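Contents: one structure, followed by commentary.
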Amino acid sequence: MQFSYSWLKTQADTELSSDKLEHLLTMSGLEVEEAETAAPAFAGVVIAEVKSVEKHPDADRLNVTRVDAGTGGLVQIVCGAPNVKAGIKVPCSLPGAVLPGNFKIKPTKMRGEVSDGMLCSTDELGLPDDGVNGLHILPEDAPVGTNIREYLDLDDTLFTLKITPNRADCLSIKGIAREVSALTGCAFRQPEIHTAPITGSRKQPVQINAPADCGRFISRVIENVNARATTPDWMKQRLERSGIRSISALVDIGNYVMLEIGQPMHVFDADKLSGSLHIRRAREGETLECLNEKTVSLSENTLVVADEKGVLSLAGLMGGAASAVSDGTQNIVLEAAWFAPEIIAGKSRQYGFGSDSSFRFERGVDYRLQADAIERATELVLQICGGAAGEMVEAQGELPEAKQVGLRLDRLKTVLGVDIPAEQVETILQHLGLQPEKTAEGFRVTAPSFRFDIEIEADLIEEIGRVYGYENIPDDYTSGRLKMLELPETRRPRFAVYNEMAARGYREVVSYAFVDEQWEQDFAANADPIRLQNPLAAQYAVMRSTLIGGLVEILQNNLNRKQNRVCVFEIARVFSKGSDGQFVQNERIGGLWYGAVMPEQWGGKTRNADFYDIKADVENLLKNKAVEFVKTGHPALHPGRAANIVSDGKVIGFVGELHPKWLQKYDLPQAPLVFEIDMAAVLECGKTRYRVVSKFQPVRRDLAFVMPEAMSHDDLLLVLKGAANKLVQEISVFDVYRGTGLPEGMKSVAVKVILQDMENTLTDEAVEPLIGKLIGAATAAGARLRS
């Protein structure tokens, strides 16, 4: 939002310097991006009247002029401007003047003729282009000898504000003046709205066919206007200093009203309309040539203004060329409407262009402003272009309901940390136009029609805080005792998990929760993932249900950078659909190991990590829980090198080697090892129990069993452990043999059994019966003792 300080002062009676106003606005939340004067620095330029013009005797393109610059006599100046003529008033720089760029004016001779100064164009003064080839011609009543900076108010300050989306009420001079009044306590002078005399007979019927999209639409016909009328200099100046180029009087009036009070407007050529105006959704196949000469194909989610023949304009965005006013226009229709922000939002991006109107409508326009805007525009049209105004025609759809919000003074003090008197709070609310009503606890406020962001108590507290001034709230450092919170014995701290993974050689990574849909199909066999309505990009179209895809992508990035050993882990949320259709999110820890077990070094042989290496890492991570590894099939994993991690009969994760088919698809030289576990299961742990260390030596027995290949080592261990008693401290596999001496389809598995008593030294009489029992259990399960 760009505006001039001089225009602001017509509605806010403030005498603050521009620097102080800049600071005040920024501190209140209306960030000032830029503040600069209306013209660059120059001095010594006055208004002069050209009294005579004669051709230069020695130059075809030069003229010798005599001008009255208020010095008491005529000054001779040689001028080459094509539009110089007697009787005009122009800026004149006399000897001693300094123009932009530190260009100093001195008496000189041009082709033998004395020139005591220079007549100036807008370009030479650093002013906006007035579209004239030559001198900048001033109004006839411009006082001769007056400093041009004073006459044109060139020391005026131009502010550019960065208005946040929730403060659409500040996208006008009226809104900013209201804000300045609240911040400084100065008088707020609202623009005077005069009811136009009804002297015309024509009306423009209006029908709202989409009441949820258009809450109000007002039209007024003005007949017999002069479309060729010139926009007054004062209006041109205010528009230009607000960053809007003057086009024509009728268009300029619409833009002026929008900037002045905040209501976007549109002007139709009444003679180009057919029947009633309809505010409706676009229909399939409809197109529109817009004012920017761009023809667009309309979608059915677009609100349009149409007549009986077709679409006239994109509602709230841009008018159509077919119904636009021109120099030949005689009768016009003024339009002022309230469109729901939701129907306008996103249309600028959809059609590839925006406007000042759409910028305001998509943020929210005051829904009680339309009649005032029509009256103000009518007044200006009659004043500048003449004509006869007809009656207003209004159609109404669904308008927002004013919300009531309570403000508790105790809550205000708690949040802001300062006790603001109730009288001051009431004054601030009144200056903001919020019309407070006193209650037992504080105030009740009905959100005004121009404030869409006042919905809850916190919004009112924010308003009080920024107007009171956050810099005025004293620093008050609160003190409090730090209470040590005891962590339950059955839960390990989160940082311990991070430390454990780092100690095992893993590096933490963070990947996107938005992933490629193909990853979900490949690594989770998820044919129906949670899809995003507005994805950032095609490769971020769905929410992940597994961490494996992100870890594989990180591996690819590292391999592309010549890293041949990668150990990474991530703790993050995954997302899935519950049985009731609701979205479920769970936290998981995922890990990936690729390459050698240890970094390459001279003292030992290098080998690549295998399933048992990463299984050991998982066991270490879950060392405080009783877990089993059960062979499984998983879409991401090798069919023979994958296992589910089971605890208390519940699957809490999986571990294994990436499936061979994904190696080729994702261009991986060798298979990485991966795991993924529910984080809640990792953080849970059993109680640590004290166990006395036996002072008696253990006894070891080695048993070799011949068993079918189909029988797993784990099956054998489960049988042996089931037959063991309290003397058995450990049963584990230490060797596997296949080959000569064994029948086909059989293998030999060697198991060590460690026995130890806590009270006595074990004897053969105690050991041998137990070993026999273990052998018997194994034999019954299909494994015989190897002889």
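Placed from the backbone N, Cα and C atoms, the Cβ positions cover glycine too.
Listed in Swiss-Prot:
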| type | residues | note |
| --- | --- | --- |
| BINDING | Asp453, Asp459, Glu462, Glu463 | Mg(2+) binding site |
| DOMAIN | 39-149 | domain 'tRNA-binding' |
| DOMAIN | 400-475 | domain 'B5' |
| DOMAIN | 694-786 | domain 'FDX-ACB' |
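Location within the structure of each feature annotated in Swiss-Prot.
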residue	record	Cβ within 10 Å
Asp453	Mg(2+) binding site	16
Asp459	Mg(2+) binding site	17
Glu462	Mg(2+) binding site	16
Glu463	Mg(2+) binding site	23
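DSSP assigns Glu462 (Mg(2+) binding site) to a helix. When the domain 'tRNA-binding' (39-149) is classified with DSSP, helix, strand and coil residues number 6 helix, 48 strand, 57 coil. Taking the centre of the Cβ atoms of Asp453, Asp459, Glu462, Glu463 as the Mg(2+) site, the nearby residues of that chain (Cβ within 8 Å, site residues left out) are Asn166, Arg451, Ile454, Ala458, Leu460, Ile461. Averaged across the domain 'B5' (400-475), pLDDT for the predicted model comes to 93.
Taking H, G and I as helix, E and B as strand and the rest as coil, DSSP gives the domain 'B5' (400-475) the counts 33 helix, 13 strand, 30 coil.
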